[in-house]
Structures are given as C-alpha cells and as structure tokens.
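Going by TrEMBL, these are the annotated features:
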DOMAIN    18-162  domain 'UEV'
REGION    157-213  region 'Disordered'
COMPBIAS  175-187  compositional bias 'Polar residues'
COILED    263-290  coiled coil
DOMAIN    321-389  domain 'SB'
Amino acid sequence: MVLPPSNPQEVQQFLSAVLSQRGPSSLPYDEPTKWLIRQHLLNLISSYPSLEPKTAAFTHNDGRSVNLLQADGTIPMPFHGVTYNIPVIIWLLESYPRHPPCVYVNPTADMIIKRPHSHVTPSGLVSLPYLQNWVYPSSNLVDLVSNLSAAFALDPPLYSRRRPQPPPPSPPTGYDSSLSRPPSADQSLPRPFPPSPYGGGGRVQVQHVHHQQQSDDAAEVFKRNAINKMVEMVHGDLVSMRRAREAEAEELLSLQAGLKRREEEINRGLKEMVDEKETLEQQLQVISMNTDILDSWVRENQGKTKNLVDLDVDNAFECGDTLSKQMLECTALDLAVEDAIYSLDKSFQDGVVPFDLYLRNVRLLSREQFFHRATASKVRAAQMEVQVAAIAGRLHS
C-alpha cells in the first residue's frame with residue numbers, strides 16, 4: 001500500500017506519480033481516462049478532506065488480486081441534528097470511470113453494521129440507485145459521496161457496540177466514601193464513535209446491562225442467528241446466479257460474434273458470386289457474338305472453294321469491307337516489324353550489326369510498330385461497334 005499524502009499539493013503529486021507509472025507496477029486503468037480519474041479524486045478530496053487517496057490490493061470474487069486506487073476515510077452523516085462520521089472505502093475498479101466504483105462501509109472494532117439495511121449488506125458492500133444508474137462521464141465521486149451521506153442520514157448503517165462498565169469497587173473501611181464513588185457521566189471515557197442513533201446514552205448503566213443480558217434469551221439468539229444465516233444464503237445464491245448469468249451472457253456474446261462473422265463471410269461470398277456471374281454473362285455475350293460471326297462467314301464462303309483448282313495462298317482470303325482490309329494490313333505490318341526486330345537481335349548477338357546501329361534501327365522499328373498496333377486497336381473497336389449494331393438489328397428484325 002502507498003501511504004496517503006498529507007496536504008493538497010502532495011495529493012496532486014501523489015496522484016500524478018501513481019497514474020503516470022508504466023510497466024508491471026502501473027495501475028490497470030485506461031490511458032485516456034487517467035486524467036479524469038485524477039480530476040475526480042482531486043475534486044473529492046477538496047470537497048471532503050476526511051477522505052484520503054491511497055493505492056491498495058483489491059481481491060476480486062474470482063481470486064484475482066490487483067493494485068487499485070481507493071478513497072479511504074469518513075463521510076459526514078447528519079442525524080437528529082448531530083453530524084456523525086461514517087468510515088467508508090471507495091474502490092476505483094479497473095473499468096472506472098466508465099463503470100461505477102465499489103463502495104464499502106468500513107466499521108471499526110467498536111461499530112456494528114445494522115442488519116438488515118436497505119443499502120448495506122452484512123459484508124459492508126453499499127448499493128445505491130446512484131451507483132446502479134451510473135452514467136459516464138457525468139457521474140463523479142463528489143455526487144456519489146453526497147448521495148451516500150443523504151441515504152445514510154435516512155437510515156444509518158452503523159451503530160456503536162454497547163459495552164458495560166465494570167461495577168464500582170466497594171469503598172474500603174476507614175476511607176472517605178467520596179474517594180470511591182463511581183465515575184459520573186462527565187468522567188466516563190470518550191467513545192471513538194459518536195453515540196448510537198438507535199438509542200443508548202454516552203454511558204451504559206449496570207442495571208441496563210443486566211436487563212439486556214436477561215432479555216437476550218435463547219429464542220432471540222436463535223432468531224438472530226437464523227436471520228444472519230438466511231442473509232448469507234441469499235447473498236451466496238445471488239452471487240451464484242450473477243456468475244451464471246455472466247457466463248451465459250459471455251457465451252451469447254461469443255455466439256453473436258461468431259454469427260456476425262459468418263454473416264460477413266456469406267455476404268462477401270455472395271458478392272463474389274454475383275460479380276463472377278456478371279463476368280460470365282459478359283463472356284457469354286462475346287462468345288455468342290463471335291459464334292454468329294463465324295457462322296455467317298462459313299455460310300458465305302461455303303461454296304467458293306468448289307470451283308477453285310489452283311489456290312493462291314495470298315489471295316485465299318478476301319476482305320469483306322474496308323475495316324477488315326485495314327485490319328489485315330496493320331496486323332501484317334506489325335508481324336513484319338516483329339520479324340525484323342528479331343533478325344536484328346540475332347545479328348547483334350552474332351556480332352554482325354554494331355551496337356549503335358542496332359539501337360537506332362530498333363528504336364525506329366518500335367516506333368513504327370507502335371503506330372501499327374494503335375491503328376489496329378482503333379480498327380478493332382470500330383469493328384466491334386459494327387458487329388454489335390448488326391446483331392442488334394437482327395434481334396429486332
């Protein structure tokens with residue numbers, strides 16, 4: 001445990017030091033919220049100087065122990081015109097300030113927790129509507145302590161133990177009786193906690209203690225023990241139910257995440273299938289168009305070879321239109337340039353053509369080949385438009 005500071009300046013230095021630590025010894029709070037945690041604690045200490053910030057080990061229900069910040073001290077509780085000091089510990093858990101802190105009533109050895117209490121369990125855990133309705137980032141520690149003080153003023157959670165005073169000794173023979181009389185109310189020892197708001201004065205008389213001992217019969221003791229046992233059982237059942245519900249919630253969240261991941265995979269696969277379908281439909285249209293073109297060509301040229309005896313290869317194909325003739329010329333020139341470049345490469349490797357002549361000719365031939373290919377690309381696009389228009393005309397007819 002880190003010792004608490006003693007003045008406001010030391011409080012600021014203490015909080016800045018513990019919240020700026022890095023490494024294994026650092027406090028387990030989110031970095032973006034550490035400044036807000038520091039501000040909450042400074043406002044709390046400024047409004048309630050009886051509370052002091054500390055760091056201590058907090059043990060969770062599952063056995064994990066973690067070093068956390070706490071505000072330890074007392075908060076004022078007005079009751080019947082008298083202000084009492086209720087000792088509490090406010091733990092700032094790892095998820096603070098997005099989630100509420102954990103508040104415990106911390107009775108001393110001379111105090112007892114009231115049973116039953118509307119806001120405090122027998123273990124000292126405090127449950128208030130302000131904690132249950134915690135809203136980040138508007139909720140803060142100053143308002144929490146103010147709500148604690150107001151709730152405790154309506155139903156105090158602690159009262160002091162009633163401890164009987166020893167009977168006054170009998171005065172010895174021969175001494176003045178005034179020297180051995182029992183102490184008065186003004187001479188009684190002060191209590192560490194103010195008088196109980198549930199009755200009893202500053203001093204308990206021997207007769208009252210004797211009457212209290214007689215009233216604590218077996219039935220009352222059995223009733224008290226039974227109530228305590230029932231409270232412990234209900235608390236244990238609530239803890240078990242909470243753990244079971246948390247486990248079920250975790251399982252459902254994990255299942256939801258898996259289903260969401262599968263949904264994304266299905267949507268992604270469906271989109272890929274739709275894209276592939278569109279691509280196949282486009283390819284099918286191109287294939288159908290090419291098939292129609294080939295069928296038309298076969299029908300037109302089916303009877304031309306019957307009367308041919310001597311077939312000239314150069315005149316075997318006749319271009320049907322200007323675009324086809326231009327396309328044939330561009331393709332022939334492109335292939336011719338390709339053959340010329342190949343021959344130059346071979347000659348250069350054999351050492352027949354010098355390097356500078358080789359580069360100059362290749363540059364000239366490449367430039368000429370580029371223009372032939374660009375012209376062929378434009379002719380091909382024009383042919384495609386003509387074919388599409390022809391197919392559309394046949395479909396409409």
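Keep in mind that glycine also has a Cβ here, set from the backbone N, Cα and C atoms.
Distant neighbours of the coiled coil (263-290): 387-388, 391; these residues of the same chain sit at least 6 beyond its ends, with a Cβ under 8 Å from one of its Cβ atoms. The helix, strand and coil residue counts that DSSP assigns across the domain 'UEV' (18-162) are 37 helix, 48 strand, 60 coil.
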